[in-house]
Amino acid sequence: MPSNSTKILLLTTLVSGVLVAVSSNSWFGAWMGLEVNLMSFIPLMSNTKNMYNTEASLKYFIVQVLASATLLFMVVMKTLAEDLFSLSFMETSYTPMIICTPLMLKSGAAPFHWWFPGVMEGLSWENCGLLMTIQKAAPLMLMSYLIEINVFTSSIILTSTIMGAIGGLNQTSMRKIMTYSSINHTGWMLAALITGDNLWLTYFMIYSTLVLTVLSAIKLSSVSFINQTLLTNKEAMLTKFMMFTSLLSLGGLPPFLGFLPKWIVIQEMVANKMMPMATIMVITSLITLYYYLKISYSSFMILGEEPKWNLQSHKNKTAKKVSAMIMSSISLTGMLMCSIMAGMI
């Protein structure tokens, strides 16, 4: 694990790689930004003292290099036929499809999600947060230049939402549950990409806020598996409440903030006459809510059993608890505030 000064440097270059990729006016510049981003994230992931971190960083490196090499190969090959170095509209109908495929592999959309759960399982919660939020920004922004409503895109969206819903049903690891939730949300973000230009940015910002809220609450209670949530003692009831309400918000339960972007996407899809796809996506969203409720239900019970002998210490975590409370309150009241503002306008 790098030192704090090295971490700051790597995080700076990681964000700058994303900015280079999204602000580039050529595909070569976008590819270069993605490579800077990748080379900054690998040292953040690796840890010589933890075998799982090293294994996860190696898996991630191999997959991302495969996607980057494929993207560069496609761009160079298509440049021989048309002016693909510019980000203008493509001449042939299948060009957006072949360029979007490696970008979907980078962002972990199904059916290119096979590497995502294995990598997430070996990472710390901070790196999980980076992988689920910042690392998705550049590929999604590049896809927004190309993506169109066609059979290929529709099948990717439906596969992502269905795999994200069904894959999380039988999981006991919190990291894998968050992974499959992220795959499901990637499907929703791709749907937002094809319905509106800036809609996916709204979805992405709210999704990132909710993910960071959930991860801060999970890290505060030191939970890695579902059964450990029952071992949280009564002193940490507030932490438990923050974690579960944030999870339900991430699943899209009204009236929490997580329902707002899904509501907007559904409205846009109905306006674009995409009712069958919207129906399937809503059903898969209900399945994700089911496995969040499965985790939360026993803890929300009034007569739930709780141990008196829990050895986890929650003292000296005041600063972390305050930040988690602020983010959780945004998650809980965000939808209400947006409704009030909309009513005032």
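Using N, Cα and C of the backbone, Cβ positions are placed for all residues, glycine too.
Marked as domain 'NADH:quinone oxidoreductase/Mrp antiporter transmembrane' by TrEMBL: 24-288.
With a threshold of 8 Å between CB atoms, the same-chain residues lying at least 6 positions outside the transmembrane segment (60-81) that come near it are 27-28, 31, 34-35, 38, 41-42, 45, 91-92, 95, 98-99, 101-103, 105-106, 115, 119, 131. The annotation transmembrane segment is assigned in TrEMBL to 60-81 (among others).
According to TrEMBL, the transmembrane segment annotation covers 142-165 (among others).
Positions annotated as transmembrane segment by TrEMBL: 200-220 (among others).
What TrEMBL records for 241-264 (among others) is transmembrane segment. Listed as Cβ neighbours of the transmembrane segment (241-264) (distance under 8 Å, sequence separation of 6 or more from its ends, same chain) are residues 181, 188, 192, 199, 202-203, 206-207, 209-211, 213-214, 217-218, 220-221, 223, 229, 285, 288-289, 292-293, 295-296, 299-300, 324-325, 327-328, 330-336, 338.
The transmembrane segment annotation in TrEMBL covers 276-293 (among others). Listed as Cβ neighbours of the transmembrane segment (276-293) (distance under 8 Å, sequence separation of 6 or more from its ends, same chain) are residues 154, 157-158, 161-162, 164-166, 168-169, 171, 177, 180-181, 184, 187-188, 191, 247-248, 250-253, 262, 266, 269-270.
Residues or ranges marked as transmembrane segment by TrEMBL: 322-344 (among others).
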